[in-house]
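S.K.: I have a structure I would like to understand better, so I am pasting it below and will then ask my questions one at a time.
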Amino acid sequence: MKGHCSFLAVFALLALASILVTSAYDPSPLQDTCVAINDPKTGIFVNGKFCKDPKFVTADDFFYSGLNIPRDTSNPVGSVVTPVNVDQIPGLNTMGISLVRIDYAPYGGLNAPHTHPRATEILVVLEGTLYVGFVTSNPDNRLISKVLYPGDVFVFPIGLIHFQQNVGKTNAVAFAGLSSQNPGVITIANAVFGSNPPINPDVLARAFQLDNNVVKYLQSRFGWKNN
């Protein structure tokens, strides 16, 4: 019964996410499909990808399997994001929509503060209890936050810094729809302290009002990914 309810919740999420397509950030398609391929000799370049000849499109171009499998959250932040975007489903090219599964470890598993530069996100909790929120832009920088339970839904507006944290004692799972085939993700701590090449410590020390040695220590700690 639990599994049945979980899959119903996912289908409800997909239905809600499809509404986002009508005002998606990505350009609207001008043909039925534009299945992404990597070979420029065999297609037309549309919205960042080359299109497969429609005569060779198959069902597998629109298929992905495995989102029912729990992920290993044994990493420094205790979460794993499994994306299903145009890189996993080539048929999503020009469709303006994608999906992620997020697994959170008990006792604080965190999808760290990040932004999606090209997408609004709508998230539904399947298992566990999540503390979620986003921060509005300058000058207010207002925190909008809430604790979510299974079946609860929350929206993160495009481009705003947001996060989710497992505040329960058991594993948590959420699915999210995003209004872009390739929403992008910028994890704030990784981008600031784990950039390649590193940002000059003097810049970060002044920006965060920290000692240079603290900045250098933080720069040594980042660079890994949870997706």
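Indices start at 1 and increase along the chain as displayed.
Note: Cβ is positioned from N, Cα and C throughout, glycine not excepted.
The shown structure was predicted, so the numbers you read here are calculated from the model rather than taken from an experiment.
Features from TrEMBL:
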type     : residues                       : note
SIGNAL   : 1-24                           : signal peptide
DISULFID : Cys34-Cys51                    : disulfide bond
DOMAIN   : 65-216                         : domain 'Cupin type-1'
BINDING  : Asn111, His116, Glu121         : oxalate binding site
BINDING  : His114, His116, Glu121, His162 : Mn(2+) binding site
S.K.: Measure from the CA atom of His162 (Mn(2+) binding site) to the CA atom of His116 (oxalate binding site) and give the result in Å, rounded to a whole number.
M.R.: 9
S.K.: Relative to the mean position of the Cβ atoms of His114, His116, Glu121, His162, the recorded Mn(2+) site, which additional same-chain residues have Cβ within 8 Å?
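M.R.: Result: Thr115, Ala119, Phe134, Phe156, Leu160, Ile161, Pro183, Val185.
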S.K.: I'm trying to understand the geometry here, so how far is the Cα atom of His114 (Mn(2+) binding site) from the Cα atom of Cys34 (disulfide bond), in Å to the nearest whole number?
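M.R.: Distance (Cα to Cα, whole Å): 29 Å.
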S.K.: List the residues in the vicinity of the oxalate site, defined as same-chain residues other than Asn111, His116, Glu121 with C-beta within 8 angstroms of the site's C-beta centre.
M.R.: Val100, His114, Thr115, Ala119, Leu123, Phe156, His162, Ala176, Leu178, Pro183, Val185
S.K.: Over the domain 'Cupin type-1' (65-216), what is the model's mean pLDDT?
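M.R.: Mean per-residue confidence for the domain 'Cupin type-1' (65-216): 96 out of 100.
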